[in-house]
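S.K.: Could you have a look at this structure, given as structure tokens, before my questions?
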């Protein structure tokens with residue numbers, strides 16, 4: 001959407017087309033007449049649009065619309081947002097968006113007014129340069145709207161490092177010990193080892209994954225289960241799912257896998 005806004009900034013009416021409502025499509029089509037790379041994108045976009053139209057006409061159509069750059073035969077259907085930005089999106093996945101924008105910048109006098117962003121001698125080349133990075137990526141698995149996964153924060157990485165390193169088992173040769181932590185033989189029974197493993201699995205489920213997004217986490221939050229019991233420190237976390245918010249609290253002893261004789 002941002003790239004489209006830059007491409008449409010002070011675009012000449014003749015370049016956009018007098019009667020066309022999709023000005024981005026008109027721009028790509030006109031550039032494609034003199035630039036073969038853009039012409040190839042025009043053909044691929046037209047194929048995608050035809051597939052989308054045929055899919056709409058089929059009441060019980062089951063064949064998914066293939067997506068550029070996907071290595072699997074079964075690709076999800078293009079979302080309305082993807083269809084809305086299909087021109088820029090297709091050029092991005094095909095890794096030629098930076099080349100097309102650079103060509104437009106080099107020939108900006110044909111398509112833009114003098115005050116346009118792409119006609120600027122500094123901003124135009126900068127935009128084309130910024131697109132080199134995204135065009136170098138392999139878009140083989142695009143995230144959809146129902147994915148809320150993001151990279152863990154530094155605090156979460158430290159927490160996971162402590163969980164995996166401090167309570168690792170010696171009889172697991174496939175897992176390397178964490179840096180700076182020596183693994184020791186478990187002095188307890190096998191049931192205690194299984195309990196520690198299940199505790200770690202439960203703690204890992206508290207962290208963000210493909211279904212939930214960790215919004216907030218804080219350790220040593222005191223909770224008093226009963227009036228006659230002392231407050232227990234634990235880990236408080238707030239998680240966001242697709243349609244709900246979940247508040248979780250886990251005792252520190254369970255986080256460490258050392259409940260012992262506690263109730």
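Backbone N, Cα and C atoms are what each Cβ position is placed from, and that goes for glycine too.
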S.K.: Ranges 53-77, 78-102, 103-127: which does TrEMBL label region 'Disordered'?
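M.R.: The listed stretch tagged region 'Disordered' in TrEMBL is 53-77.
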S.K.: Region 'Disordered' per TrEMBL: which of the ranges 133-163, 164-194, 195-225 is that?
M.R.: 164-194
